[in-house]
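Inspection log for the structure reproduced underneath, given as structure tokens.
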Amino acid sequence: MLSLQHISKYYQVSGLKNFVLNDLSLEIDQGEFVSIMGPSGSGKSSLLNIIGMLDEPSEGYHYFAGHAVHQLKEKQRSALYKQYIGFVFQAYHLIDELTVYENIETPLIYQDFKGAERKAMVADILDRFNIVGKKDLFPAQLSGGQQQLVGIARALIAKPKLLLADEPTGNLNSKQGEEIMELFRKLNKEDGVTIIQVTHSEKNAEYGSRIINLLDGKIESSKQL
Amino acid sequence: MIGNYFKTTLRSLLKNRAYSFLNIAGLATGIACASLIFLWVQDELTFNHNFEKRDNLYTIYENQTYEGKMSTFHATPGPMAKAIKAEIPEIKNIARTGGTNNLLFSLGEKTINEEGSYADPEIFSMLKMPFVHGDITNAFTELHSVVINATMARKFFGDSDPVGKTLKINNEQDYTVTGVFTDLPKNSTFKFQWLAPLANIDHKMPWMMEWSANWTLTYVELVSSANVNGVNKKLQHYLASKNNGTKTECFLFGMNDWNLHDNFVNGKMDGGRIEYVRLFSIIAFIILIIACINFMNLSTARSEKRAKEVGVRKVMGAGKGKLIAQFIGEAIVMSFIAVFIAIGFMYIILPSFNNLVQKELSINISEPLHLTYLVSIGVVTGLLAGSYPAFYLSSFNPIAVLKSMKLPTGAGFIREGLVVIQFSISIILIVGTIIIYQQIQHVKNRDLGYNKNDLIYVSTQGKLSAHFESIYQQLKQSGVVEDASLSDFPVLQIWKNTDNYSWEGKQPAQNPLISFENVSSQFVRTMGMKLASGRDFYPNSSLDSNSVIINEALAKQMGKQGHVGAIIRNVGNKSYEIAGIVKDFLYNDMYAVSAPLVLYNNPTGTDVLSIHIKRNVNLQDALVKIGAIVKANNPGYPFEYKFMDDDFDQIFKTEALTGKLAGVFASLAILISCLGLFGLAAYTAERRIKEIGIRKVLGASVAGLTGLLSKDFLKLVGISCLIAFPVAWWALNNWLQNYQYRITINWMVFAAAGILAMLIALATVSFQAVKAALSNPVNSLRNE
Ligand SMILES: Nc1ncnc2c1ncn2[C@@H]1O[C@H](COP(=O)(O)OP(=O)(O)O)[C@@H](O)[C@H]1O
Ligand SMILES: [Mg+2]
């Protein structure tokens, strides 16, 4: 599904190149569930952002679903991104001024779905995530776990092929975390969604089919489960 | 999609009520204020638009040459109209009026003075005046006919049709009402309430038929195909053939220019009201821009709070274009809310504004022009105000924003630049207000050479002039009158003049325009003028019929002959002996030095009775006593008086209005700028809340923290001063060049304006700063 070859990412700090990712290569197939682990500052988020096309690598080749991403223009990249990728954040990042319903609906608006279609899709996912009763509440009225559920629903609403999650359980207690992981597993198994998650928890990492350990911007180890 | 945007917009507006209020109130004030000015501008620009034929209507002006310089006058010789109509084929219609007359109309017991004109009948078709009653074609077939406007008709006849009824004019002659025309709009040059045939006064005096006497105003309608320059060529030297080689030139002055381009310098059109129209339009735009700047500033400041929303939307797949559309859309929603509030403001302010500008402006939302204006102002200010925040917000890198929840800096500099612009404009307006005020006061406090206070005048209708001797005696006996006298004109405006005086040693090239006035012997005393040398007039005018009093300006013109006892000759070569020289006094142009003048001791035929009331008497009592005396001696006429100092104030109407408006605009500009500053200060305080908390924990005092937070803003006001001062100096120095008698600009004014701006800014900012400094550091630190 995607392939990174000799990817580097660095920031110039007083003339010196400060490498965040250093000549990193990685292949991920359709249907995989990859957990990325590593100490803080090892470049996990940076890697995820590059995979998600939110950021560009300084060097290297990036292929995604048959496209050479490193050669695409911003517009094409964003079209590709909209079509394939959903993002889940540690801090949920819901829009405070919108209700649960409206937050979930937002990506559909940007992908030009018709009103009736949007209604059906949102209703469907609310149902699936068991949050129909919360649809008119604002993010501030939800617990952390509920907010993250909304965040995931929003990431999944446009039926992405690839779900990227940067420490999705980082702000949750272990029970809430487990529920989210179960959900991910189900998505991966039943819906065939490819998932890449960053996590600090060994236990959560083991929900995946592969664990990648990052250290200083390089892959230290990769373990198939 | 739009629904989704509106939801975020409205909810975020409601969530940040104070911010929204500042933002919208500032913009609404700006829009209301600019719109009022534009209403005024529209009124000025559509002057005389009620006259359908305005593109082909002209009046004839004369350029007369004195001392090598051309002066422009409106009056023309009586026979001219008929003659040029016959000779110039491009002239389709021509009509004359005798200027404006204030005559007494009576119907039974009811007597009212009404202003109007004697005119040729062609005026009706030229002005296409709509008649409510009567017949336009036969209105003036009888000599003693009069047409009146609807208001005047209502005063005398109520709602009934007055055609065929009679009104007595000046208690002498009955005139038959032959028509009623709809009132002319207020923004029309013609102000007449009635018109009567010019034939009533034409040919009454032998000089009215002479080509050398200018007394009628001539109005011309050209055929649409006419070449105006061609007609002007024919007119230019036309008078020379009729009036033995006079150098006086004639030209057509088009109706479309009457209101805005009525100033002539050396025979050429040179500005006029258009300058004020331009000035006020610029000010209106400036106020709009200030309000938009506010809006931009507050929006970008607030945008830092919305960084997360932008980041999330970007990650959700919002492209740059969609985000720009969202934020511009939001700005337009806000600007339309502001437009609605502004319309409300305008309805509230309009009566006082009308009072200020002496107009009857009205807002009419259903009028296409006003509607288009309101919609476009909503869209344009929305675009203007929203574009910067839109591009700024949409350019964020989503990861950077989501990671830190903060925006890249850089907007700070632009924001500060905008504040500097706002304050520069405000300071310029403050300086302008002060200097215009000083200039008006400077001229008003000028020594006029006479005492305009406690001075009233009435026009000598009926037997007033003839019964002057007995009136005078009774006035003196009443104990409330200092003195009284007759004259051709009220002293502020002396409009008789000629260059036909001569004296020994006068050079052929020397032809100053000399004013002259017939007065009764008490004139100099009544006005409180001072004699520089010689004597005052003898009380018995017949003993004094060969004497004149001249002013110092004329004495100077006469050179060696400018002394008491010298001889001056007038048109008919009649000689007069200079009995006295009066110290120069000001008339006509309050900004210039006084022009040469001759006074004759000849009260017959004078039009104005001036009465100087004693200083220490009760004015109301005095007016009652004077009124009784005047009425007793002039039965059948009302006692209508005017105060000379009111007339004097009237002369400064435009300047006073400019000054007042500049003051109002300056206050508004400051107010709007302060709304913006208030918001920015709040934002800065909020952003630095953690820093403030830490500093407090480390022992900083409230005063120290307030200073820390206010300092940067005061620096901006300081920079604004540096920009504003030279611009203000340049602009006002230019304006002052219009006046011969003017102030010199004092640096104190700039200091005062600068300090005022500083204090206002400090008051605005320190409120926020003190609030932030007083906040409990534990709260702010825990929240981070
Ligand atoms: N904009 C930036 N400028 C400079 N250094 C950065 C920037 N963003 C991230 N870094 C650095 O990159 C490194 C990796 O960051 P990140 O990918 O967020 O690590 P992780 O998610 O594994 O904790 C860190 O050392 C961080 O300081
Ligand atoms: Mg990270």
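The backbone N, Cα and C atoms fix where each Cβ goes, and this holds for glycine too.
The domain 'MacB-like periplasmic core' feature in TrEMBL is assigned to B:20-237 (among others).
If you look up TrEMBL, you'll see B:21-41 (among others) marked as transmembrane segment. Below 8 angstroms of C-beta separation, residues 277, 280-281, 283-285, 287-288, 290-292, 294-295, 298-299, 334-335, 337-339, 341-343, 345-346, 349-350, 353, 357, 359, 361, 363, 373-374, 377, 381, 385, 665, 668, 671-672, 675-676, 678-679 of the same chain, each at least six residues beyond the ends of the transmembrane segment (B:21-41), sit close to that stretch.
Listed by sequence, the residues of this chain that lie at least six past the ends of the transmembrane segment (B:276-298) yet keep a Cβ under 8 A from its Cβ atoms are 19, 22-23, 26-27, 29-31, 33-34, 37-38, 40-41, 44-45, 260, 331, 334-335, 377, 381, 384-386, 388-389, 415, 418-419, 421-422, 425-426, 429, 654, 658, 661-662, 665, 668-669, 672-673, 675-676, 679-680, 683. Per TrEMBL, transmembrane segment is recorded for B:276-298 (among others).
Mean model confidence of the domain 'ABC3 transporter permease C-terminal' (B:282-398) amounts to 84 (pLDDT, 0 to 100 scale). Residues annotated as domain 'ABC3 transporter permease C-terminal' in TrEMBL: B:282-398 (among others).
Under the heading transmembrane segment, TrEMBL lists B:323-350 (among others).
Long-range contacts of the transmembrane segment (B:370-393) within the same chain, counting only residues at least 6 positions beyond its ends with a Cβ under 8 Å from a Cβ of the stretch, are 27, 31, 34-35, 38, 288-289, 291-292, 295-296, 299-300, 303, 306, 310, 323-324, 326-336, 338-339, 343, 363-364, 411, 414. Look at TrEMBL and you will find B:370-393 (among others) tagged as transmembrane segment.
Listed as Cβ neighbours of the transmembrane segment (B:413-437) (distance under 8 Å, sequence separation of 6 or more from its ends, same chain) are residues 283, 286, 290, 293-294, 296-297, 300-301, 388, 655, 658-659, 662-663, 665-666, 669-670, 672-673, 676-677, 680, 713, 716-717, 719-721, 723-725, 727-729, 731-732, 735-736, 743, 745, 749-750, 752-754, 756-757, 761. What TrEMBL lists as transmembrane segment is B:413-437 (among others).
Residues or ranges marked as domain 'MacB-like periplasmic core' in TrEMBL: B:424-592 (among others).
Under the heading transmembrane segment, TrEMBL lists B:661-685 (among others).
Annotation comment: TrEMBL describes B:664-773 (among others) as domain 'ABC3 transporter permease C-terminal'.
Under the heading transmembrane segment, TrEMBL lists B:713-732 (among others). Long-range contacts of the transmembrane segment (B:713-732) within the same chain, counting only residues at least 6 positions beyond its ends with a Cβ under 8 Å from a Cβ of the stretch, are 416, 419-420, 422-428, 431-432, 435-436, 677, 680-681, 745, 750, 753-754, 757-758, 761-762, 765.
Residues or ranges marked as transmembrane segment in TrEMBL: B:744-765 (among others). Sequence-distant neighbours of the transmembrane segment (B:744-765) (same chain, 6+ residues past either end, Cβ-Cβ under 8 Å): 423, 426-427, 430-431, 434-435, 438, 670, 674, 677-678, 681, 709-710, 713-714, 716-718, 720-721, 724-725, 728-729, 732-733, 736.
For the domain 'ABC3 transporter permease C-terminal' (B:664-773), residue counts in helix, strand and coil come to 95 helix, 0 strand, 15 coil, using DSSP.
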